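Novice: Pulled these features from Swiss-Prot for this protein:
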- 3-17: FAD binding site (BINDING)
Amino acid sequence: MRVVILGSGVVGVTSAWYLSQAGHDVTVIDREPGPALETSAANAGQISPGYAAPWAAPGVPLKAIKWMFQRHAPLAVRLDGTQFQLKWMWQMLRNCDTSHYMENKGRMVRLAEYSRDCLKELRAATGIEYEGRQGGTLQLFRTEQQFENATRDIAVLEDAGVPYQLLESNRLAEVEPALAAVAHKLTGGLRLPNDETGDCQLFTQRLAQMAEQAGVKFRFNTPVDKLLFEGEQIYGVKCGDEVIKADAYVMAFGSYSTAMLKGIVDIPVYPLKGYSLTIPVANEDGAPVSTILDETYKIAITRFDNRIRVGGMAEIVGFNTELLQPRRETLEMVVRDLYPRGGHIEQATFWTGLRPMTPDGTPVVGRTSFKNLWLNTGHGTLGWTMACGSGQLLSDILSGRTPAIPYDDLSVARYSSGFSPARPRHLHGVHN
């Protein structure tokens, strides 16, 4: 089958890889000159299935009000003048109760755990290298309340069979030695030993090279004007004066998917602006070993080979990509506070990207009401974590194979009234 994929970020390229491996004739189209040059370029670097959780959580509405008056707030909102933004925020608020949070987190963890398994298999099969580490991740708590709240997330981890360790502050240095000097500032941490890290852009670029060698065609520097359709079927992609045709079409345009699908399929994917710093390592003993997540500021600090990636925050501000100095100051503040000797902060590279977010936090993966249109978008801050699993899942569905995990509650149909997904089975695993 001829398949056209729109988008060459990590989700688009993994989709291309798995579809090609399934025997399809795949073409990837992107406006950029190469893969992973937008949202996948400089994310936080975490592959953290256990921390997969929606921003829509109990207490967030009240916290959002408090954050409006804080200098280093993890979430900021600025109206962009569109009804879509208001509708999206209302939908997000409706998902902030405990019941929705547990449901959404459960399916996010399910896909993320599966995705990590797919990444392991891909790494074993291809030998792909991307400055990856398999040292686990550590969520850091600064208050007793945060430590107590971790029990809520642990219930979801146990249900999914995800290994974890709940550590008091005096044990944090066992997994991240440099934290010994700042342990007095912390109340503890939640460690997920099976989580990983890696450079998402490097992974995507190298997988794109492998995919091209396997026969995937990449059409870079090719802006897409619109999808052409008749009835309930897509019959082409209009790119300037050219119409590119295929048997099936996959939308993986991230935050730009919503506008491209206007009048075809209604999806609630909105850009969630985030920032990162990439810092050269200055002191091996003072740098992170793997990756940590600061629960207070929602900022991740991740170790690559000779670099430290500091990423996080969320701004609901539309398609604004301005680099704001106060956001850089927040990233610098957190990394100086936890790893004061770790990196040459004065040499850091500052970056921003637009994460494609759904109001319930779960991506949109699978078929649509159109016979030959498929979606793989809306992964929010977890595109790197969920990419391989989403790509394999999409390939299985499109190819008519039975996927390894339940998937009906990942489709766009879940936003329809009366939708009732099948209950997912437990994932294998143990906890301690």
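Glycine too: its Cβ is placed from the backbone N, Cα and C atoms.
The shown structure was predicted, so the numbers you read here are calculated from the model rather than taken from an experiment.
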Novice: Suppose we draw a 10 Å sphere around the Cβ of Val11 (FAD binding site). How many other Cβ atoms does it contain, all chains included?
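Specialist: Step by step: centre on the Cβ of Val11 (FAD binding site), count other Cβ atoms within 10 Å, giving 32.
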Novice: Identify, among the binding-site residues Val3, Ile5, Val13, the residue whose Cβ has the fewest other Cβ atoms within 10 Å in this structure.
Specialist: Val3
Novice: Using DSSP, would you call Val11 (FAD binding site) helix, strand or coil?
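Specialist: The residue in question, Val11 (FAD binding site), is helix (DSSP, three-state).
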Novice: Give me the count of other Cβ atoms within 10 A of the Cβ belonging to Gly9 (FAD binding site).
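Specialist: For Gly9 (FAD binding site), the count of other Cβ atoms within 10 Å is 31.
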Novice: Could you tell me which three-state DSSP class Ile5 (FAD binding site) falls into?
Specialist: strand
Novice: Looking only at DSSP and grouping its letters into three states, which state does Trp17 (FAD binding site) belong to?
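Specialist: DSSP call for Trp17 (FAD binding site): helix.
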Novice: Validating a neighbour-count step here. Other CB atoms within 10 A of the CB of Gly7 (FAD binding site): how many?
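Specialist: Around the Cβ of Gly7 (FAD binding site), 31 other Cβ atoms lie within 10 Å.
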Novice: Measure the Cβ-based neighbour count of Trp17 (FAD binding site), defined as the other Cβ atoms within 10 Å of its Cβ.
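Specialist: Within a 10 Å radius of the Cβ of Trp17 (FAD binding site) lie 24 other Cβ atoms.
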Novice: Using a 10 Å radius around its CB, how many other CB atoms surround Ser15 (FAD binding site)?
Specialist: 32
